[in-house]
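What TrEMBL says about this protein:
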ACT_SITE  K21  active site, proton acceptor
ACT_SITE  T24  active site, nucleophile
ACT_SITE  E74  active site, proton donor
DOMAIN    6-103  domain 'ASCH'
Amino acid sequence: MTPTTMTFFERFETDILSGKKTITLRDEAEKHYVPNSVVTVSTFEDGREFCRLKILSVEPVLFDALTDYHAEQENMILDELREVIQNIYPGIQQLYLISYQLL
C-alpha cells in the first residue's frame, strides 16, 4: 500500500514551504514511499497539516556516505545534518533518501 501521509518536526516546516529543504532522510520503516505519489504533510508534534508533496525518488544511502550536497538539500551543513540524524535515529547506518517537490 502506498503511503499517503508524511510527518516532519515543526522546526523543518519553514524550510519545506520555502523550497530550501528538498529531501528527507528516513529509516527503513519509512522507505515505502512511491515516486510520483502525493502525500499530505503534517507536523510530528501535533498532526497539523501544512502542505502536500510529490515524491520524486526513494534511494538507499549510508550514513557514512552523506555529503555536503545532501546537507545542502536539507538546508544544513554536513555536521549539523549528521547530528540531527543521530538524534532521531541513534547509531543508524542505512538511511533512505526521499526527494520531493512542494505542490
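Numbering starts at 1 and runs along the chain as displayed.
Even glycines carry a Cβ here, placed using N, Cα and C.
Recorded features from TrEMBL, shown on the structure.
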{"residue": "K21", "record": "active site, proton acceptor", "CB count, 10 Å": "19"}
{"residue": "T24", "record": "active site, nucleophile", "CB count, 10 Å": "21"}
{"residue": "E74", "record": "active site, proton donor", "CB count, 10 Å": "23"}
TODO: Taking helix as H, G and I and strand as E and B in DSSP, count the residues of the domain 'ASCH' (6-103) in helix, strand and coil.
DONE: 32 helix, 36 strand, 30 coil
Open item on the list: Cα-Cα, whole number of Å: T24 (active site, nucleophile) versus E74 (active site, proton donor)?
Closed with: 7
- [ ] Looking only at C-alpha atoms, tell me how far E74 (active site, proton donor) is from K21 (active site, proton acceptor), rounded to the nearest Å.
- [x] 5
